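*Asks:* Handing you a structure now.
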Amino acid sequence: MEETYKDRTSLVKGAKDIAKEVKRQAVKKVNKAVDKAQDGYTQRSYNRFQDEEDDDDYYVQGGSYGVEANDDEGSSEATEGHDEDDEIYEGEYQGIPNMGQGKDGMVALGQPMHDEYKDRHELETERKADEEELAQQYELIIQECGHGRFQWALFFVLGMALMADGIEVFVVGFVLPSAETDMCIPNSGSGWLGSIVYLGMMVGAFFWGGLADKVGRRQSLLICMSVNGFFAFLSSFVQGYGFFLFCRLFSGFGIGGAVPTVFSYFSEVLAREKRGEHLSWLCMFWMIGGIYASAMAWAIIPHYGWSFSMGSAYQFHSWRVFVIVCALPCVSSVVALTFMPESPRFLLEVGKHDEAWMILKQIHDTNMRARGQPEKVFTVNRIKTPKQIDELIEIESDTGTWYRRCFVRIRTELYGIWLTFMRCFNYPVKDNTIKLTAVWFTLSFGYYGLSVWFPDVIKHLQSDEYASRVKHFHNEEVSHFVFNFTLENQIHSNGEYINDRFIMMKFKSVTFEDSLFKNCVFEDITSLNTYFRNCTFVNTTFYNTDLEQYKFVNSELINCTFFHIRTGCQISFDDDYSAYWIYFVNFLGTLAVLPGNIVSALLMDRIGRLTMLGGSMVLSGISCFFLWFGTSESMMIGMLCLYNGLTISAWNSLDVITVELYPTDRRATGFGFLNALCKAAAVLGNLIFGSLVGITKAIPILLASTVLVCGGLVGLRLPDTRTQVLM
C-alpha cells in the first residue's frame with residue numbers, strides 16, 4: 001500500500017493499539033492464524049479465537065477483523081477506504097486480506113498475521129513453543145485418563161508384534177541347516193540367507209520408522225506387519241533358493257518396522273511414572289518370541305514324517321511347517337491392530353485435534369469403566385496443537401498420469417522421511433543422536449556377534465570332540481563279506497575289498513583312502529560326509545545309492561555300472577541329534593533373560609535408565625571376557641546364559657531412553673535409524689566373529705568385551721530422562 005492518509009487520526013491510533021494488543025496476545029498464547037480468507041473460518045478456528053474475541057471486544061465479519069462499530073455507522077471503519085493522510089505503521093501485524101483485496105497485499109487492521117507473512121524461523125519458533133506447552137498438557141491428560149484396561153489391551157497387541165520380531169531373528173538360524181539340505185544350497189551360498197534377512201530388517205527399520213512419523217504409528221505398523229506375514233507364509237511354499245531368499249528379504253523388510261513403531265506407539269499412551277516399567281515389561285515379548293521359536297523348532301523340524309511331496313518337483317518338509325507356525329504371531333497382531341486406535345499424541349502433533357480428543361476420551365472411559373467408575377467425566381475440552389507448517393507439493397493432478405502421480409507421491413514421502421531423519425542431527429538432539437549411535441552399535445555388535453553365531457561355537461566344540469573319537473583302519477583285506485550295518489566316524493586306508501557286498505547301509509563321516517574295490521556291489525546306500533579318495537573300483541555295481549561323482553575324489557572307476565543313482569540333497573536327521581542340541585542351547589539362552597527382564601522392569605524407574613544401561617553393559621563385557629576360559633560345552637552354555645541375562649537390562653533401558661530423548665515428530669524416525677544401525681552391526685559382528693570361530697576364540701571374545709565396556713561408558717554420558725515428560 002503506497003498511499004498515506006491524514007484524516008481520522010484518532011481512529012487509526014485506536015486501530016494501532018488494537019493491532020498491538022492482538023500481536024502481543026498472539027505471541028503470548030501462540031494462536032493459530034486462519035489458513036485462507038476465502039475459505040472462511042472453520043469451527044476449530046472459531047473455538048480457538050472465541051475467548052480472545054470476548055476479551056478484546058473485536059469480532060469477525062466478512063473474513064476481516066474490525067473495531068466495534070458505532071451505533072450510527074453501518075460497518076466497521078477499519079475496512080473503509082482511507083484518505084491520503086492516513087498513517088501506515090510499517091512492520092505491524094495488519095491481518096489477512098479479504099476477498100476483495102487481491103494482489104496489492106493490503107490487510108485489515110486488527111487481525112492476527114497470516115502465516116504467509118512470517119518467515120520459516122518464526123513459524124518454527126512458534127511451533128516449538130506449542131510443542132512444549134502440549135507436552136506438559138498431554139502428560140496431565142494421560143494422568144487423568146489413568147492406567148488400566150486400554151493400556152493392557154494395547155500392551156498385548158503390540159507385544160505380539162514385538163514377539164514376531166524376536167521370532168524372525170531365530171527362524172533363520174533354525175531353518176538354515178534344513179533349508180540348505182532341502183534346496184541343495186552350496187556352502188558358498190549358505191551365508192546369504194542370514195545376511196539377506198538382516199539386510200531387509202535394516203532397510204525396513206529405517207523406512208517404516210520414518211513412515212510412522214508421517215502417516216501414524218498404527219497405520220505404519222499395520223502395513224509392515226502385513227508385509228512380513230504375507231512373505232513369511234509365501235516363503236514356506238516356494239521351492240527355488242533364489243525365490244526363497246527374495247521372500248525372506250521382504251519378510252525381514254516388513255518386520256524391521258516393528259521395534260521402532262511399537263515402542264513409539266506404546267510410550268505415547270503411558271504416563272511418566274509408568275513409562276519405564278511398562279516399556280520394560282513390553283520388552284519381555286521379544287524373549288517370548290525367542291522361546292516360542294526354539295520350542296517350535298524343537299517340536300517340528302526333526303519330525304520329517306510331517307512332510308509330503310507332489311512328484312519330484314514339489315517337496316514340503318517339516319521345516320516349512322515350522323516357518324508357517326512362526327508367522328502366526330504376526331498374523332495375530334495384524335488382526336488385533338485393526339481394533340486399536342491411532343496414537344493420540346501423533347494426531348495432536350499433526351494438528352488433528354478432534355480425532356485425538358475422541359481417542360483420549362475413549363482411553364479415559366475404558367479405564368474408568370474397568371475401575372467401576374463409569375460416571376467419571378473426561379474434563380478436558382481443549383488441547384493445544386502445534387502450529388502446522390505446510391509443505392506445498394505439486395502432484396500434477398491435472399495433466400500427469402496416474403503412475404506419474406504415484407511416482408511423485410512416493411518420491412515426496414521418501415524425501416519427507418529423509419528430511420525428518422536429517423532433523424535428528426539438528427540442535428538440541430544432535431549430541432544425543434551421536435551418543436545413542438555409539439551405544440546402539442557397540443551393544444549390537446557385541447550381543448549379536450556372540451549370541452547369534454554362538455551355535456557355531458557349540459558345533460565347533462562338538463566337531464572337535466567328534467573328530468577326536470575317529471577310528472582308523474589300515475591295510476584291511478576283506479573278501480566275500482556282506483556289510484549291512486552302519487559305518488560312522490571312520491577312516492579306512494590302503495584296504496582291499498574283493499567280492500564284497502554293501503547292502504542297505506549308512507555311511508556317516510566315513511572316508512576310504514587309497515583302497516581297492518573289486519567285483520563289489522553297493523546297493524541301497526545312504527551316505528553323509530562320505531568320500532572315496534584315491535581309490536580304485538573294478539567291475540563294481542552301484543544300485544539305488546546316493547554316491548554321486550563328487551564323492552569319488554581322484555578315484556579311478558574301471559568297468560563300473562550305476563543304476564538308479566539318487567541325485568540332489570537328502571535330509572537325514574534320523575541319527576543326528578545335533579539339531580536338538582542347538583535348539584536346546586538357544587532355548588536356554590533365551591530363557592536366561594527372564595530374570596534380567598524382571599529386574600530391569602522393577603528397577604527402571606527406581607535406579608534410573610542410565611545406571612541400568614551403563615552398569616549392564618559393563619557387567620556384560622566382564623562376563624563376555626570370562627567366556628575365554630570356557631573349556632567345555634556346559635561351561636560355555638552357562639556363561640552364555642549369564643551374558644544374555646546381563647545384556648537384556650541394557651537393551652531394555654536403551655529402548656526406554658531412545659523413545660524419551662526424541663520429540664514426537666521424529667521419535668520413530670530416530671528409533672528406526674538406530675535399529676537399522678543395530679542390524680548393520682549384527683551383520684558385521686557375525687562376519688567377523690564367524691570367520692574367527694574356527695581359528696581362535698580369544699579375539700572375538702576380547703573384541704566383544706571391549707566394545708561393550710566402551711559403549712557402557714558412553715551411555716553414562718546421556719541425559720537422564722527419568723523425570724522428563726514425553727516431548
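Here the Cβ of each residue, glycine as well, is placed from N, Cα and C on the backbone.
From TrEMBL, here are the annotated features:
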type	residues	note
DOMAIN	154-722	domain 'Major facilitator superfamily (MFS) profile'
REGION	36-85	region 'Disordered'
TRANSMEM	152-177	transmembrane segment
TRANSMEM	189-208	transmembrane segment
TRANSMEM	220-237	transmembrane segment
TRANSMEM	243-267	transmembrane segment
TRANSMEM	279-301	transmembrane segment
TRANSMEM	321-340	transmembrane segment
TRANSMEM	436-454	transmembrane segment
TRANSMEM	580-603	transmembrane segment
TRANSMEM	610-629	transmembrane segment
TRANSMEM	635-659	transmembrane segment
TRANSMEM	671-692	transmembrane segment
TRANSMEM	698-718	transmembrane segment
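Describe the structural context of each listed feature in the structure shown, including burial, neighbouring residues and relevant distances.
*Replies:* Under 8 Å from some Cβ of the transmembrane segment (220-237) lie the Cβ atoms of residues 158, 161, 164, 168, 204, 208, 211-212, 244, 247-248, 250-258, 261-262, 265, 316, 320-321, 323-324, 326-327, 330-331, 333-334, 337-338, 668, all in the same chain and six or more residues away from its ends.
Note on the transmembrane segment (243-267): residues 154-155, 158, 161-162, 164-165, 168, 172, 179, 183, 192-193, 196-209, 211-212, 217-218, 220-221, 224-232, 234-235, 275, 278-279, 282, 330, 343, 655, 658-660, 667-668, 671-672, 674-676, 679, 726 of its chain, located 6 or more positions outside it, place their CB under 8 angstroms from a CB of the stretch.
Same-chain neighbours of the transmembrane segment (279-301): 155, 158-160, 162-167, 169-171, 174-175, 178, 262-263, 266-267, 270, 318-319, 321-322, 325-326, 329, 579-580, 583-584, 586-587, 590-591, 593-594, 597, 600-601, 604, 648, 651-653, 655-656, 659, counting only residues six or more beyond its ends whose CB sits under 8 Å from a CB of the stretch.
Residues of the same chain lying 6 or more positions beyond the ends of the transmembrane segment (580-603) and with a Cβ under 8 Å from any Cβ of it are 170, 173-174, 277-278, 280-281, 283-284, 287, 290-291, 293-295, 297-298, 301-302, 451, 454-455, 458-459, 462, 612, 616, 637, 640-642, 644-649, 652-653.
If one looks beyond the transmembrane segment (610-629) by at least 6 residues along the same chain, the residues whose Cβ comes under 8 Å of a Cβ in the stretch are 439, 442-443, 446-447, 450, 596, 600, 603-604, 636, 639-640, 642-643, 646-650, 652-654, 657, 697-698, 701-702, 704-709, 711-713, 715-716, 718, 720.
Long-range contacts of the transmembrane segment (671-692) within the same chain: residues 194-195, 198-199, 201-203, 205-210, 212, 256-257, 259-261, 263-264, 421, 424, 436-437, 440-450, 452-453, 456, 658-659, 662, 699-700, 703-704, each at least 6 residues beyond the stretch ends and with a Cβ under 8 Å from a Cβ of the stretch.
Cβ atoms under 8 Å from those of the transmembrane segment (698-718) belong to residues 432, 435-436, 438-439, 441-443, 445-446, 449-450, 610, 613-618, 620-622, 624-625, 627-628, 650, 654, 657, 661, 685, 688-689, 692 of the same chain, restricted to positions at least 6 beyond its ends.
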*Asks:* Quick test of the contact rule: Cβ under 8 Å, at least six residues beyond the ends. What residues does that give for the transmembrane segment (635-659)?
*Replies:* 259, 263-264, 267, 275-276, 279-280, 283, 287, 436, 439-440, 443, 446-447, 450-451, 454, 457-458, 461, 585, 588-593, 595-597, 599-601, 604, 609-610, 612-613, 615-617, 619-620, 623-624, 626-627, 667, 670-671, 674, 712, 715, 718, 721, 726
*Asks:* Within the same chain, where does the transmembrane segment (436-454) have neighbours whose Cβ lies under 8 angstroms from its own Cβ atoms, ignoring anything closer than 6 residues to its ends? I mean 6 or more beyond.
*Replies:* 169, 173, 194, 585, 589, 613, 617, 620-621, 624, 627, 640, 643-644, 647, 650-651, 654, 657-658, 661, 670, 674-675, 677-679, 681-682, 684-686, 688-690, 693, 700-701, 703-705, 707-708, 710-712, 714-715, 718
